[in-house]
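Enquirer: Input: one structure, supplied below.
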Amino acid sequence: MYRTMMKAKLHRARVTESNLNYVGSITIDEDLMDAVDLLENEKVQIVNNNNGERFETYVIKGPRGEGGICLNGAAARKVQPGDVVIILSYAMMENAEALAHQPKVAILDENNRIVEMLGTEPASTVR
């Protein structure tokens with residue numbers, strides 16, 4: 001049996017831009033992608049803390065060190081610059097692997113800089 005487990009999480013990312021006229025996807029600072037092991041074209045779920053929207057798209061690399069989080073194409077209708085979002089990816093794994101799995105969770109500040117890295121999802125991530 002396979003289980004779908006959280007693999008990566010960028011917690012409390014701030015949307016820096018939305019670009020309706022781009023083909024699609026979410027552009028993420030490549031440093032943030034590396035921190036939580038996201039790959040270009042990987043499917044992600046976006047949860048908008050400001051309006052409750054949940055949707056899926058795929059990742060494209062953004063410039064390193066700028067903290068950019070840009071929703072593109074139709075997804076741009078779901079966010080506004082300044083919105084706080086959670087970016088999640090999942091992986092399917094067999095039960096034994098799932099029991100030992102530790103996701104990569106990055107807690108971000110208001111400038112999308114990593115303030116803490118976690119190896120699991122704690123009971124409270126209120127910061």
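Glycine is treated like the rest: Cβ placed from N, Cα and C.
Sharing the record's features from Swiss-Prot:
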ACT_SITE  S25  active site, schiff-base intermediate with substrate
ACT_SITE  Y58  active site, proton donor
BINDING   T57, G73, A74, A75  substrate binding site
MOD_RES   S25  pyruvic acid (Ser)
Enquirer: Helix, strand or coil for A74 (substrate binding site)? Use DSSP.
Expert: helix
Enquirer: For the recorded substrate site, whose residues are T57, G73, A74, A75, find every other residue on that chain with a C-beta no more than 8 angstroms from the centre of their C-beta atoms, and list them by sequence position.
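Expert: After dropping the recorded site residues, what remains is G24, S25, I26, F55, L71, N72, A76, R77, K78.
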Enquirer: Are there residues of the same chain, six or more positions away from S25 (active site, schiff-base intermediate with substrate), whose CB falls under 8 angstroms from its CB, and which are they?
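Expert: Sequence-distant Cβ neighbours: T57, Y58, V59, I60, N72, G73, A75.
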Enquirer: Tally every other Cβ atom lying within 10 Å of the Cβ atom of A74 (substrate binding site).
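Expert: 13, counting other Cβ atoms within 10 Å of A74 (substrate binding site).
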Enquirer: Any idea of the Cα spread of the substrate site, T57, G73, A74, A75, as a max distance in Å?
Expert: 10
